[in-house]
Amino acid sequence: MNLNSIPAFDDNYIWVLNDEAGRCLIVDPGDAEPVLNAIAANNWQPEAIFLTHHHHDHVGGVKELVKKFPQIVVYGPQETQDKGTTQVVKDSETAFVLGHEFSVIATPGHTLGHICYFSKPYLFCGDTLFSGGCGRLFEGTPSQMYQSIKKLSALPDDTLVCCAHEYTLSNMKFALSILPHDLSINDYYRKVKELRAKNQITLPVILKNERQINVFLRTEDIDLINVINEETLLQQPEERFAWLRSKKDRF
């Protein structure tokens, strides 16, 4: 299996998995044009589309792709049923694509119906988990998002986190504002800054490393707890997550 990223809009990534036979899976095609160009350039045969949630920058290209390749099966949560989804999937169900079984994980928060797809080592997490951050809460609550990213953080160490946006640099600037002396965060920030200066992608990331540099995954970390306690005493990891999300919204 080969993992490919296709840039779209200002900072989106459309992920494509292809096998040796050229069959491919497309994840969150917000725009059809760059996907069609990549399909033509690589001689891929699209087999399926995965949708994580209903936002236009993730579903906008579905209808054009299905029109061009009517054999495509479009998997998605209930909230994408009017966006071209032909196979609605929900938590704990599986999608069998390219000879691999993908587990569906419900991750409400960014939207109420948001889902992720996992087949070792690939995690397609849409706008739930970003490198160094997590998605904004357009529909869900901090409690829901905390539980969602906790699920994702429990996946195997070698999981490849395939986020849908290039937000890593801004996320790491926020992380530094919270834990300015953290060695892992500082090292990763420098690496990301160099990559972005060359207009290079920072994704995917390895989950084991992400747990070290993503403050939203470190709500039980004593260094973070001490920082938060300087401002307010919060007893539960869930409360500390909500504090971080509120700070990030205003950053």
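Any Cβ shown, glycine's included, is placed from N, Cα and C.
Residues annotated as Zn(2+) 1 binding site in Swiss-Prot: His53, His55, His110, Asp127. For Asp57, His58, Asp127, His165, the entry in Swiss-Prot reads Zn(2+) 2 binding site.
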For His165 (Zn(2+) 2 binding site), the three-state class that DSSP assigns: strand
His165 (Zn(2+) 2 binding site) to His53 (Zn(2+) 1 binding site) - Cα separation in whole Å: 14
Site with most surrounding Cβ atoms, counting all protein chains shown within 10 Å, from the binding-site residues His53, His55, His110, His165: His53
Sparsest-packed of the listed binding-site residues (Asp57, Asp127) - C-beta count within 10 angstroms: Asp57
Cβ-centroid neighbours of Zn(2+) 2 site Asp57, His58, Asp127, His165, 8 Å, sequence order: Asn12, Asp28, Gly30, Thr52, His53, His55, Gly126, Ala164
Cβ neighbour count within 10 Å of His58 (Zn(2+) 2 binding site): 28
